[in-house]
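Annotation comment: Swiss-Prot describes 385-402, 469-480, 564-578, 596-610, 626-656, 771-786, 883-897 as compositional bias 'Low complexity'. The compositional bias 'Basic residues' annotation in Swiss-Prot covers 681-691, 840-851. What Swiss-Prot lists as (3S)-3-hydroxyasparagine is N67, N100 (among others). Taken from Swiss-Prot, the feature phosphoserine covers S299, S422, S432, S477, S507, S509, S851, S870, S907, S909 (among others). The repeat 'ANK 2' feature in Swiss-Prot is assigned to 72-101. Sequence annotations record features per position, and here Swiss-Prot assigns repeat 'ANK 3' to 105-134. Residues or ranges marked as repeat 'ANK 6' in Swiss-Prot: 231-260. Annotated motif 'KVKF motif' per Swiss-Prot: 35-38, in sequence order.
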Amino acid sequence: MKMADAKQKRNEQLKRWIGSETDLEPPVVKRQKTKVKFDDGAVFLAACSSGDTDEVLKLLHRGADINYANVDGLTALHQACIDDNVDMVKFLVENGANINQPDNEGWIPLHAAASCGYLDIAEFLIGQGAHVGAVNSEGDTPLDIAEEEAMEELLQNEVNRQGVDIEAARKEEERVMLRDARQWLNSGHISDVRHAKSGGTALHVAAAKGYTEVLKLLIQAGYDVNIKDYDGWTPLHAAAHWGKEEACRILVDNLCDMETVNKVGQTAFDVADEDILGYLEELQKKQTLLHSEKRDKKSPLIESTANMENNQPQKAFKNKETLIIEPEKNASRIESLEHEKADEEEEGKKDESSCSSEEDEEDDSESEAETDKTKPMASVSNAHTSSTQAAPAAVTAPTLSSNQGTPTSPVKKFPISTTKISPKEEERKDESPASWRLGLRKTGSYGALAEISASKEAQKEKDTAGVMRSASSPRLSSSLDNKEKEKDNKGTRLAYVTPTIPRRLASTSDIEEKENRESSSLRTSSSYTRRKWEDDLKKNSSINEGSTYHRSCSFGRRQDDLISCSVPSTTSTPTVTSAAGLQRSLPSSTSTAAKTPPGSSSAGTQSSTSNRLWAEDSTEKEKDSAPTAVTIPVAPTVVNAAAPSTTTLTTTTAGTVSEVRERRRSYLTPVRDEESESQRKARSRQARQSRRSTQGVTLTDLQEAEKTIGRSRSTRTREQENEEKEKEEKEKQDKEKQEEKKESEASREDEYKQKYSRTYDETYTRYRPVSTSSSSAPSSSSLSTLGSTLYASSQLNRPNSLVGITSAYSRGLAKENEREGEKKEEEKEGEDKSQPKSIRERRRPREKRRSTGVSFWTQDSDENEQERQSDTEDGSSKRETQTDSVSRYDSSSTSSSDRYDSLLGRSASYSYLEDRKPYSSRLEKDDSTDFKKLYEQILAENEKLKAQLHDTNMELTDLKLQLEKATQRQERFADRSQLEMEKRERRALERRISEMEEELKMLPDLKADNQRLKDENGALIRVISKLSK
């Protein structure tokens, strides 16, 4: 039964078999001849390796390449040197093998022989002309990698005999690349050839080997920073892989793509050396910031005006250079640039002012010889571009001295990628403006400024959309390392310690710029008012033709320009106003007057400020209703009292004035930096050196006074001020009585006071306006006294930056009486212990820092003041003195302006000094016994402080002793643990030595096995090659 079932299954299998693919196969198996065909080069290398010279000769006769290299770049000669096969080395060299052919790592056969220590092969190779100065990829010569002394001696002797400069040999490749890069840059054509195997470019090589100079030149010549080799590696991959930090930084600064992947999906971070991974991450953050900053920047890098005619021509940089323009704009601009060159060279002869040029980083090594070769160069203008197009940045590039043309040689253009800006320009755009912007500040005369026209101003306002900076104003911009913050701080601190006058047009523009950035609503109005102001100036062209000062928009760009532009100027002489207005505009007038060429008149310069001065004056007039408007011939530094009939200016409405005053006050509150002790000492020393014997008020006093005045004025009403004026008169009478008593009782105290307070009292009584009872004519007459006394004093050259800051704080001379009342009231309240806490807190730090002596009121000062007032009513004599001073203005414009500025600042802030006096000054209203009490208090405080100091010293010594004990304990523990560590290490090393000795015994057996396997391998290869024929 089972047999039947088996047969049935078998039959079914046979049925399924019939017609299957296997059944359809032919019965005779096809015999295909299988051949293993090796590359001729591989066969040749195998034959050489086996030492079969006959086989090698046959292969050479059949056309084999004797210099064939395997995947690692090793040739038969390399292999023979490694195998110590002297016969094969001689055979190959005799048959024409290249004795200096490098492998993939740059090793020539001599490197291999030196590394292995085969003296006979090395001697033979040197005898046949091998290069002992050959350098591999890591910069090593055969001498560097030789390990045996005999080999080192052989190679050293040969180096000495041939006179090879090893250091020069190491830098040979970089020198050649540098030469080629310069050549490409000068010719405007990059003729680079990719590596045959890897597809690497010169940029890859420079990045991988850290040739930073070559890298910069290649990028400048227009190389794509994201170019890839055959494996998809960019230059950043190469630089990161070989750990070249500087090369990575240059590539990132030129906005290379840090996320690019190679053929196997690796970014530069994946292939980077571990040591620079953190640095790469920092660079990535930096590049992200650069990208975001670039997106935010809508304005051009160099903001040019309508046709650059109202500015000096841009000068050449210090190196031999060419101008690189954005490629997509080249065609449309080259002609215009050529035309402009001739015009601006002529203009450059008239205008001797020059731009201080910034040297590019990459040109530092070559720039020393060319520092004196700055000549006019083509400047890029906005006039030939649409309003939405950014003016191109001028990018500099060094040239070889052998290929040097004139600096105004035709502009080269480079074939770069279609729509990209050249990478160097990208780098320049993203650099912080603080460094290169310095090159845009004017440092000399400004004669060329007079050539501007109203139509060009209109075009300029259109192009810059109301926020326009002239080339002479610094630009404060946020950068990666907080340069804005440093700049702002620097601009503020200049007021304290600046020793010299900065040579630039608007010295206060740094501070003004900071304020302007905070008020965007004022910017748009400034562009309109400035254009209108320029049109008004054109009407006065008979005066202004000589040297009109066109104020940059960053200087004084405030709402009060609205007033100045709405007042038509019809005077033939510049008009000045109240002290506040004059003080406000002095920085511009003094800086321009100082820089006017000797032959030109300063009248036009000063008249350009008259509108702003009148605006300030009208502000003060509306506030005080006192006739303080006066005239000044030629210079805005001397005030002619009580002569409003000679002015021809019209005032603006009171509504606009008050609105402007409120707006200005809101953002002019001074911010004081915290000072260290050393800074304070330096500032005090500078102040002492630069002031006269009668100058008692420093810049710090002015700043503190303005703070207090601003706060008190905002909180007090008119009614309170009137009450305080009455109180002030009563207090004066009381004080005079007290002082008379004190004079008889305490003569020694009076002498002390007179000795230390004269510097303050003389200045104050000489320049202070009279009290409110005679606030109209006498106030003007005291101003004339100020003007006449001003020029008799010695010259005081304060820096313009100090003047600019002082001007903002001393605007309230016309309301001196009100402020006196306020200060007296505050003193009284302070003595009753009812004054606000904030005022007391403000006093304390000031008292600690006072270094200019003690200020007192005396009976003599008040009597002198009355005598002064009676003297100043004689107007004719003072006016004579004034005209005398005016004639002197031409020769001392800068110093007199500064002097007037400082005197106004002191008189305006004197009342604040009353509030700031130390205890001894305020106690003179009390009995003389208070001095004894004060002395006892100070004595007790000193004793207390001494006791505290003693306790602190004791604690300090205890702590030092504890620290020494702890240190010694730690040292003992460290020594013990170190001994144990050394013992463990020694045991481990001994075990290791014994293991090595065992392995050393097995070494001969391994060598024998290795040789046998080599022989078998060679035999197999020969058999296979014969079979394949």
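Just so it is clear, glycine is given a Cβ too, placed from its N, Cα and C backbone atoms.
A Cβ distance under 8 Å defines the sequence-distant neighbours of the motif 'KVKF motif' (35-38), meaning residues of its chain 6+ beyond its ends; these are 46, 1024-1025, 1027-1028. Helix, strand and coil content of the repeat 'ANK 6' (231-260), in residues and according to DSSP, is 16 helix, 0 strand, 14 coil. Summarising model confidence by region, the motif 'KVKF motif' (35-38) averages a pLDDT of 78.
Residue counts of the motif 'KVKF motif' (35-38) by helix, strand and coil are 0 helix, 0 strand, 4 coil (DSSP-based).
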